[in-house]
Amino acid sequence: MVPKVENPEFRVALRGGALLGSPRFNKGTAFTVEERKAFGLTGRLPSRVNTLDEQCARAWDQLMTRETPIRKNSFLQSLKDQNWVLYYSLISKNLRELVPIIYTPTEAEAISNYSHLFRRSEGLYLTFCDQDTMEEDFLEQTKGRAIDLVVCSDAEAILGIGDQGVGISAAKSAIYTLIGHIDPIKSLPVTLDVGTDNEDLLNDNLYVGWPHRRVRGEEYDQFIDKFVQLVRKYFPHSLLHFEDFGVTNAQRLLARYRDQHACFNDDIQGTGAVTLSCIMAAVGVTKSKLCDQRFIIYGAGSAGLGIAHQLRDAIVSTDNLSPAEAAKRFYLIDKHGLIKESLGSSLIRDSLYENGFVRPDEEWEGAKTNESGEVGLLEVVKRTKPTVLIGCSTHAGAFTEEVVKAMAEGCDRPIILPLSNPSKLVEVDPADANKWTEGKALIATGSPFPPTKMPNGKDYIIAECNNALIYPGLGFGAMICQSRRMTDDMIIAGARRLASLSPALEDPDNALLPDFGDAPGINFEVAVAVAEQAIEEGSAGVDWKKEDVRERAKERKWQPIYGEYVYDPEGEQA
Ligand SMILES: NC(=O)C1=CN([C@@H]2O[C@H](COP(=O)(O)OP(=O)(O)OC[C@H]3O[C@@H](n4cnc5c(N)ncnc54)[C@H](O)[C@@H]3O)[C@@H](O)[C@H]2O)C=CC1
Ligand SMILES: CC(=O)C(=O)O
Ligand SMILES: [Mg+2]
């Protein structure tokens with residue numbers, strides 16, 4: 001049954017302790033007197049019946065007694081384990097304050113301590129050594145559930161903190177619910193545990209994942225394929241979201257499966273989309289065009305590749321350039337310096353080469369290099385005079401004063417996006433970038449940062465250019481219209497809609513992207529744009545019409561409010 005937005009009614013088969021132990025159905029002290037009688041709860045609860053608002057007030061007070069972000073994160077995790085409606089309601093009412101607690105930056109700390117903070121399992125764990133029972137395990141966990149969304153990770157490249165063995169899917173799933181209105185019972189976070197190469201975890205007796213080196217090659221591919229085929233078989237209309245895979249697997253898996261199923265790689269496509277929106281807003285402020293920009297992308301992994309492709313495609317479609325011409329505007333840098341022809345071959349560099357992103361050697365003759373012949377960021381900045389500098393390298397502090405000042409010499413309003421997460425890995429603190437450019441830089445970051453002061457004393461709000469500002473809407477849009485694919489045009493439609501809602505379009509001194517506090521409404525608009533595009537290109541379900549999208553999307557929104565329960569031994573159980 002799809003709950004309606006107001007007063008959803010559920011037929012529930014659970015009673016007593018089992019009902020209080022179900023985070024989906026538990027209401028705690030908000031069970032009404034009638035429900036307490038019908039479900040055997042009268043003796044299990046204190047007398048007073050609370051409203052959801054009262055419960056939120058109590059939970060907020062308790063949360064505030066936890067002094068550090070990580071303790072707040074643990075408290076909220078426990079709340080999620082107990083009562084979904086209360087958890088999502090509390091965070092929805094305080095999005096700006098609490099998203100940084102359950103997502104970047106605090107979630108990075110929680111994931112790196114996953115085994116030590118572990119209390120209760122969440123979602124589906126598929127472990128390489130148990131793959132003989134993969135189908136049984138999959139069915140057991142999804143029994144009776146109409147899954148619309150599967151969020152999976154093999155945890156090889158979590159945020160900027162690398163191989164963590166286990167983690168992230170549940171946090172990304174929660175953001176889908178908070179910002180994208182997706183019913184949590186329809187969303188399945190999946191941990192694909194293929195081992196870890198993280199020595200600290202392998203040597204940790206409390207490590208809860210599979211204590212084995214990462215499985216790679218053919219065996220890895222077969223394991224992932226077995227999982228993807230289960231998703232396709234049992235939930236053919238679901239969206240399959242890949243998160244924080246290592247860059248090679250991220251790229252390969254997306255290419256392999258995106259024509260078979262609605263697949264989405266958040267680090268590649270979600271980051272590409274939100275960065276495109278941010279830069280569209282910034283070029284609106286500078287009154288220039290996308291094709292007028294010179295882009296340096298510092299970090300050529302999943303995020304860097306996704307950003308380069310998304311920007312290049314947008315230049316092609318907006319400014320009518322050929323892909324090869326558009327690619328000439330980009331300078332990509334990885335940990336071996338500027339990616340130019342003589343840097344040597346790798347799967348990633350080869351694919352960059354095919355797409356025209358590798359710079360010709362002759363262009364760099366005479367450039368200053370290090371002893372290994374690599375051309376570093378400062379030299380690239382000095383020689384190319386970029387208008388846009390994007391960081392997705394995990395290299396904290398890489399955008400030094402010298403780099404930022406060199407950039408500011410070459411353009412009036414440098415667009416500087418240090419996107420690495422969590423906050424401690426940011427390529428430049430926005431306050432420094434603002435100071436070194438005398439307030440001229442247009443800045444957005446991957447994790448939240450406080451506003452900085454403009455020379456005129458006004459606050460400059462640092463937009464959060466994080467894929468979480470767009471992936472929930474992209475996903476919701478694809479899901480509601482049962483799109484068989486997540487196409488590039490659907491993603492661009494979502495990115496354009498987000499860009500059109502930028503506060504900087506009305507006031508050039510305002511943030512480049514909307515505030516996270518407004519993310520649910522913004523993502524609803526993104527979802528509508530995505531579904532409209534899916535219908536236009538024939539990817540959506542047959543009964544979808546563009547003019548109905550908005551109303552139908554509204555009906556599908558999940559809200560954190562308590563339903564009314566009727567006891568029914570044949571009813572829902574989890
Ligand atoms: N704001 C957002 O929405 C997103 C931010 N990110 C962040 O971007 C960062 C990178 O993530 P992924 O692309 O997934 O990682 P990745 O491991 O796929 O790529 C990292 C890239 O940075 C390069 N790199 C590493 N150290 C470097 C150094 N010292 N100098 C120059 N280049 C260096 C590597 O060669 C590689 O090309 C992470 O901090 C991640 O949290 C990733 C996805 C979304
Ligand atoms: C935001 C995100 O997906 C990352 O940092 O990996
Ligand atoms: Mg990620």
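First residue shown is number 1, and so on along the chain.
Backbone N, Cα and C define each Cβ position, glycine as well.
Owing to the predicted nature of the structure, the values given are computational and were not obtained by experimental measurement.
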From ASP221, ASP225, ASP259, ASP267, the one annotated by TrEMBL with GLU243, ASP244 for divalent metal cation: ASP267
For ASP267 (divalent metal cation binding site), the three-state class that DSSP assigns: helix
GLU243, ASP244 as binding-site residues, winner by CB count within 10 A: GLU243
CB-centroid shell, 8 A cutoff, divalent metal cation site GLU243, ASP244, ASP267, site residues removed: SER153, ALA157, ILE158, ILE168, LYS172, PHE242, PHE245, ALA250, ASN265, ASP266, SER302
Count of other CB atoms lying within 10 Å of the CB belonging to TYR103 (active site, proton donor): 28
In sequence order, those recorded positions of TYR103, LYS172, GLU243, ASP244, ASN421 whose CB lies under 6 Å from ligand 1: ASN421
